[in-house]
Amino acid sequence: MNDNSFLFIIELIGTFAFAVSGIRVAANKRVDLFGAYVVGLVTAIGGGTMRDLMLDVTPFWMLTPVYLVITGISLVLVIVMGKHLSRLEGTFFIFDTIGLAFFVVVGMQKSLAEDYPFWVAIIMGTFTGAFGGILRDILVNDLPLIFRKDIYASACIIGGLIYWGLDAASFNDIVCQSATAAGVILTRVAAVRFHWSLPTLKGDTGNVGNDNCKQPD
Amino acid sequence: MNDNSFLFIIELIGTFAFAVSGIRVAANKRVDLFGAYVVGLVTAIGGGTMRDLMLDVTPFWMLTPVYLVITGISLVLVIVMGKHLSRLEGTFFIFDTIGLAFFVVVGMQKSLAEDYPFWVAIIMGTFTGAFGGILRDILVNDLPLIFRKDIYASACIIGGLIYWGLDAASFNDIVCQSATAAGVILTRVAAVRFHWSLPTLKGDTGNVGNDNCKQPD
Amino acid sequence: MNDNSFLFIIELIGTFAFAVSGIRVAANKRVDLFGAYVVGLVTAIGGGTMRDLMLDVTPFWMLTPVYLVITGISLVLVIVMGKHLSRLEGTFFIFDTIGLAFFVVVGMQKSLAEDYPFWVAIIMGTFTGAFGGILRDILVNDLPLIFRKDIYASACIIGGLIYWGLDAASFNDIVCQSATAAGVILTRVAAVRFHWSLPTLKGDTGNVGNDNCKQPD
């Protein structure tokens with residue numbers, strides 16, 4: 001198995017894990033099969049699509065139907081497995097974390113290939129990994145979970161900083177990318193294992209915003 | 001009346017029906033006139049705008065102000081007609097279905113013109129027809145209706161498959177497009193008449209997602 | 001201080017005010033630090049990003065990290081100031097209004113520079129000023145405030161019409177842009193001072209839409 005087919009398998013695993021996540025969230029809202037498919041697809045490809053729009057390249061899923069097929073397989077799996085899926089939580093966590101690491105690396109690579117600086121690449125990597133989940137929660141009308149729990153996105157940023165540091169130290173691409181992926185995975189696993197989370201911000205004065213500010217009396 | 005002016009009238013009817021749909025949903029949330037206009041506009045042009053961004057062409061509504069004008073007319077109509085609008089439900093259903101069929105055909109045409117394969121064109125056609133309504137429901141903070149009711153999007157996909165099949169059988173564009181539109185319209189009308197709907201997916205374990213997966217103990 | 005550095009300072013003030021607005025809204029939803037940062041960033045750069053995608057130019061924030069830094073400073077400020085922030089409501093209102101005026105002018109300039117007509121430029125100016133707040137409310141799962149209160153977006157449109165009129169009368173760019181900014185600021189301040197608001201649209205028949213229309217019996 002060469003490098004490319006290895007990466008491709010990783011990508012499929014990540015797409016599958018993200019799609020299943022979207023479909024399961026949708027199922028809890030009692031949507032129909034089409035809705036579940038759409039939410040699964042958006043979860044799997046939404047981050048990468050927004051990234052590609054911002055990088056001004058063709059959205060990746062328009063180049064091969066494999067992402068649509070994987071989402072379809074994910075839907076069939078959720079239907080067939082039903083309640084038994086929850087026994088596989090650990091497997092999904094591993095798949096999801098591998099997928100996340102892969103999405104971060106791909107997002108960074110694509111940005112660097114378009115000659116953007118590292119700080120843009122880190123944002124794009126994080127975006128690729130985290131935005132699908134935000135879109136999923138918007139679609140099903142929830143406050144994005146990623147804003148409240150876990151250090152999901154922080155793991156992406158830590159991975160991105162590792163990439164930057166190793167690249168600055170002149171390590172080659174393989175080393176940079178492997179270490180980035182490892183950084184994302186280890187951070188996420190450690191965060192879940194040791195219950196790390198970011199502090200919550202406290203509100204001040206009720207719901208405020210730039211469109212209902214009050215003028216001073 | 002030549003072909004183009006016929007298509008243009010169909011497009012205006014579709015835009016009008018979609019804008020009215022958005023404005024009526026917004027009105028039920030007690031938004032102000034600006035909010036109603038925005039929701040109507042997004043419902044009418046949102047799907048096509050996202051499609052054009054993904055195809056990397058200029059969003060269609062930036063080339064002529066007619067879509068903004070139609071949305072304005074829709075707003076005036078909703079204000080003037082008020083409660084009497086509900087008597088026209090049947091007329092709106094017809095307009096909306098014609099518009100949907102048109103949007104699917106346009107979305108497919110534009111994708112094929114950019115040399116994308118049929119499976120991309122079918123997604124873009126469905127996207128053009130269905131995404132405006134999803135954006136509308138996100139804007140007014142509802143779970144998208146399209147995920148729960150009706151076989152709205154499925155009608156788009158069936159239309160798209162008809163286009164694909166007829167094109168593969170070497171029929172010319174006029175035949176393909178007319179049959180696609182007819183397929184969308186008949187599927188939708190039959191679905192409403194015979195109360196067809198897609199099965200609902202059942203939830204499994206409460207709200208799950210790729211950002212709150214639990215690691216196995 | 002030359003013109004460009006003056007404009008840059010205005011832009012930073014606007015970005016800061018918008019970011020603080022997003023972070024404060026997020027804080028009231030008890031999100032974590034990352035979530036607050038994302039909502040602040042989206043509020044500050046979301047409108048301009050969507051504008052740049054539609055104009056097919058590189059999103060402005062990908063060219064310099066200053067917007068990310070300003071959002072970070074905004075987050076630190078909200079954390080440090082906490083409840084005391086509400087005493088600065090008047091200052092934020094002024095910053096926010098200055099920022100809004102700036103965003104409208106920049107949005108219009110960029111569109112005109114790409115040879116779009118004035119009606120596109122006015123929409124893009126309004127979009128730049130108002131869409132960040134809409135995205136903010138979608139992210140935190142609220143009905144966008146801008147749809148219900150204030151004449152925020154109307155101030156953008158009035159500013160845009162002033163630009164159009166003065167340009168048609170052959171005034172130079174500096175005059176057009178200054179008058180536009182003044183128009184936005186004065187309209188917004190007057191609207192808040194005199195409690196102007198747009199009329200609310202009344203609903204008709206319960207929740208309707210283009211995906212649950214009923215066929216006539």
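Just so it is clear, glycine is given a Cβ too, placed from its N, Cα and C backbone atoms.
Heads up, TrEMBL stuff is auto-annotated, nobody curated it.
Listed in TrEMBL for this protein:
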- B:6-27: transmembrane segment (TRANSMEM)
- B:9-81: domain 'Glycine transporter' (DOMAIN)
- B:34-54: transmembrane segment (TRANSMEM)
- B:60-80: transmembrane segment (TRANSMEM)
- B:92-112: transmembrane segment (TRANSMEM)
- B:94-166: domain 'Glycine transporter' (DOMAIN)
- B:118-139: transmembrane segment (TRANSMEM)
Three-state composition of the domain 'Glycine transporter' (B:94-166), taking helix and strand from DSSP: 60 helix, 0 strand, 13 coil
Number of helical, extended and coil residues in the domain 'Glycine transporter' (B:9-81), per DSSP: 61 helix, 1 strand, 11 coil
Within the predicted model, mean pLDDT of the domain 'Glycine transporter' (B:94-166): 89
